[in-house]
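So that you can see what the record holds, here are the features copied from TrEMBL:
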DOMAIN    15-254  domain 'G-protein coupled receptors family 1 profile'
TRANSMEM  12-44  transmembrane segment
TRANSMEM  56-85  transmembrane segment
TRANSMEM  97-117  transmembrane segment
TRANSMEM  137-156  transmembrane segment
TRANSMEM  190-214  transmembrane segment
TRANSMEM  247-266  transmembrane segment
TRANSMEM  272-293  transmembrane segment
Amino acid sequence: MAQPSNYWKQDVLPLSILMLTLVATECTIGIIASGIVMAVNTVAWVQKKAISITRILLLLSVSRIGLQSIMLIEITSSIFNVAFYNSVLYRFSNVSFVFFNYCSLWFAALLSFFHFVKIANFSYPLFFKLKWRVSELMPWLLWLSVFISFSSSMFFSKHKFTVYNNNSLSNNICNFTMKLYVVETNVVNVSFLFISGILPPLTMFITTATLLIFSLKRHTLNMRNSATGSRNPCTEAHMQAIKETSCFLFLYILNAAALLLSTSNIVDASLFWSIVIRIVLPVYPAGHSILLIQSNPGLRRTWKHLQSQIHLYLLNRF
């Protein structure tokens with residue numbers, strides 16, 4: 001059963017400019033944060049100090065830089081180029097957007113999986129065996145996730161658009177005139193994109209993050225029961241790790257839900273929800289990259305050094 005969904009192109013410019021400004025700000029912050037992660041891990045790679053987590057962070061940062069660049073191109077082109085949705089550029093940006101998004105989901109899930117295996121403490125033979133072999137398995141899992149992401153994203157090169165000009169619609173936000181772009185969305189296709197590209201990494205991330213939080217909480221309680229002093233640095237470190245993992249989990253689920261709504265064209269008939277989805281999508285890659293910097297001493301030092309260099313440049317400039 002086909003369900004129509006609409007891509008809007010409105011003549012009220014201020015609303016478009018406001019949305020462009022918000023998305024551009026989010027993407028710029030995300031690109032800078034991901035660039036720091038990429039630079040630090042590239043240096044480690046060149047110096048032959050690459051370990052599993054270095055590979056994961058490097059690929060994750062590259063995928064996010066690509067994703068946020070595509071977001072900027074897409075939203076700028078859709079606002080200022082009337083024929084964008086009928087162009088080859090749209091088809092390319094659509095496939096690239098899905099590919100980088102799926103890669104980002106998979107790499108983040110594998111990062112969560114790696115942290116879970118290395119940090120969590122469960123007394124099961126299979127878990128101990130996994131601890132020893134996870135570093136050997138990780139390169140294969142990374143390339144497998146790239147292959148799955150690429151295969152799934154090719155599905156989005158098949159969209160066909162029918163264009164209707166000069167259709168006037170009213171919305172509860174404001175009255176506007178818009179060009180209506182119709183995409184037929186098949187329920188089977190929506191199920192396919194969810195099962196192939198979103199559900200597996202989402203399940204992996206939720207499972208590993210939840211088990212890691214459970215393991216850290218259990219270990220924290222044991223440390224508190226055996227502690228003699230009022231403050232324990234190890235306990236505080238565990239609590240900080242629990243907070244960070246919980247925040248990662250929230251952002252990941254929010255992004256997966258927004259991505260499903262965006263790629264399935266379910267909410268595009270609503271101007272309000274189209275704007276919300278466009279603003280929400282860049283939040284996760286930017287927010288997660290910033291949290292990675294804050295939680296990693298090496299990345300945090302690089303970020304502070306960059307801030308000081310920018311501050312000195314501005315002082316000398318002005």
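Start at 1 and count along the chain as shown; that gives each residue its number.
Quick reminder: no glycine exception, Cβ is built from N, Cα and C everywhere.
A quick note: this is a predicted structure, and the numbers were derived from the prediction, not measured.
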For the transmembrane segment (190-214), what are the same-chain contacts with Cβ under 8 Å, counting residues 6+ beyond its ends?
98, 101-102, 105-106, 108-110, 112-113, 115-116, 119-120, 122, 145, 148-149, 151-153, 155-156, 242, 245-246, 248-249, 252-253, 256, 259-260, 263-264, 266
So if I exclude everything within five residues of the ends of the transmembrane segment (12-44), which remaining residues of that chain have a CB under 8 angstroms from its CBs? That is, six or more out.
50, 54, 57-58, 60-62, 64-65, 68-69, 71-72, 75-76, 79, 173-174, 176, 275, 278-279, 282-283, 285-286, 289-290, 292-293, 298-299, 302-303, 306
So what's the mean pLDDT when you look at the domain 'G-protein coupled receptors family 1 profile' (15-254)?
78
